[in-house]
Structures are given as C-alpha cells and as structure tokens.
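Pasting the feature list from TrEMBL:
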type	residues	note
BINDING	CYS76, HIS79, CYS147	Zn(2+) binding site
DOMAIN	7-183	domain 'GTP cyclohydrolase I'
Amino acid sequence: MVDKVKIEQAVRLLLEGIGEDITREGLIDTPDRIARMCEEIYGGLGHEADQHLLKQFPVENNEIVLEKDITFYSMCEHHLMPFYGKAHLAYIPNGKVTGLSKLARTVEVYSRRPQIQERLTVQIADALERTLDPKGIMVMLEAEHTCMTMRGIKKPGSKTITTVTRGAFTEDKELQKMFLSMVKG
Ligand SMILES: Nc1nc2c(ncn2[C@@H]2O[C@H](COP(=O)(O)OP(=O)(O)OP(=O)(O)O)[C@@H](O)[C@H]2O)c(=O)[nH]1
Ligand SMILES: [Zn+2]
C-alpha cells in the first residue's frame, strides 16, 4: 500500500520547486490524482507473481509455449519516467502449463514498480522457473525509455532489448533462433 499523504506532500513540494502556484485551479487536485495514480503504477511492489502462475494444468505435449507482444508499462527507477514496450515469454513445459493470462499478469506484477529493464526481465524468468520448473525459459523485452527519448540524450525511436535464457534455451542455440522467428513471424 502506498502512503497517499506522503505522496501528496511530495507533489506539492515538487510543484512549488518548479515555481508553480499550487493553489491555481488546474493544480488543486493534482496531488490527490498523482497519489491515486501511484497506487496503480506502483501496485506491483511487495507482490510476487507466484500466486498467479500456480494456476496450472497437466500436459503431455512438452512443446514450446510462447506468449508474445504483451504490452507493458514500467517506471525507470533512475528518473521515474515511463519505459514501455512488448514482452515475449516462452517456456518448455515439464508436464504442466500455467494459464495463458498468468504470463501477462506476471509481466504486470514486476513492471508496476520502479525498475530497470534488465531486472524486470530476470524477475519474470525467475518467477516462471520457481513455479513451473520448466525445461527451458526465454524472456525478451523490447522497450522505449522516455528518459532517453524526451530528455537527456533525446534519441526518439531507440529501443532497448533485453533477454534472459534458462535451461534448454541457454544450451540450444536452435531453440533461441526458433524463439526469435516466432516472435518476429
Ligand atoms: N541499464 C539500464 N539503464 C537505464 C535504464 N533506464 C534508465 N537507464 C539509464 O540510467 C542511467 C542513469 O545515468 P546518470 O548519469 O546517473 O543519470 P543522468 O545524468 O540523468 O544521465 P543521462 O540520462 O545520460 O542524462 C542513464 O544512462 C539511463 O539511460 C534501464 O532500464 N537499464
Ligand atoms: Zn531513466
């Protein structure tokens, strides 16, 4: 749970810090709005995805399961500015699969907190490993960081791509190629 009172105080200070008049009409409700927004965009803090991923079903066919183009929004922990893009998750089951929506829920849990993209990628893979014990895992995130596009170095359109492989996806380069062709195809 976020401390809404603290957030409201901080927003008032920030607005005063940039030289704004916090009593003007357009800004009066802004501290409250941002506090409510923080509940949403940082709502993954203190949670793990395990409870979702443990919704499982037995399978006999242990072939790749890939959920691609899962849109995500997270907050860069260095600038508290959004980074957003697509997540692609694949695993090779070990006799059990999870519900498809639970893969997207996993991305949500770990993206809704101050993050760096590399850690987000690892946390998603760790959660799959813990709960499903699959024969292999590959996670790829492609994102645009607004701290690189609208400020600082200002390189609009630049993309950051991070990957994590585990098990069969680490050992077998052909599997990695298959993942990439399924993601791009
Ligand atoms: N590795 C990694 N770096 C990130 C991520 N998000 C933002 N950064 C980087 O974090 C770094 C912070 O660098 P600093 O030099 O402390 O901050 P800064 O002065 O605002 O740097 P500039 O962005 O270069 O203006 C920057 O290079 C950002 O591009 C991320 O998800 N992963
Ligand atoms: Zn940043």
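Glycine too: its Cβ is placed from the backbone N, Cα and C atoms.
The shown structure was predicted, so the numbers you read here are calculated from the model rather than taken from an experiment.
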Compute the centroid of the Cβ atoms of CYS76, HIS79, CYS147, then list the same-chain residues not in that set whose Cβ lies within 8 Å of it, in sequence order, for the Zn(2+) site.
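Those within range, site residues removed, are MET75, GLU77, HIS78, LEU80, MET81, PHE83, HIS145, THR146, MET148, ARG151.
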If you run the three-state DSSP split on CYS147 (Zn(2+) binding site), which class comes out?
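CYS147 (Zn(2+) binding site) sits in a helix per DSSP.
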Restricting to the same chain and to sequence separations of six or more, state which residues have a Cβ under 8 Å from that of CYS147 (Zn(2+) binding site).
CYS76, HIS78, HIS79, MET81, PHE83
Tally every other Cβ atom lying within 10 Å of the Cβ atom of HIS79 (Zn(2+) binding site).
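Around HIS79 (Zn(2+) binding site), other Cβ atoms within 10 Å: 15.
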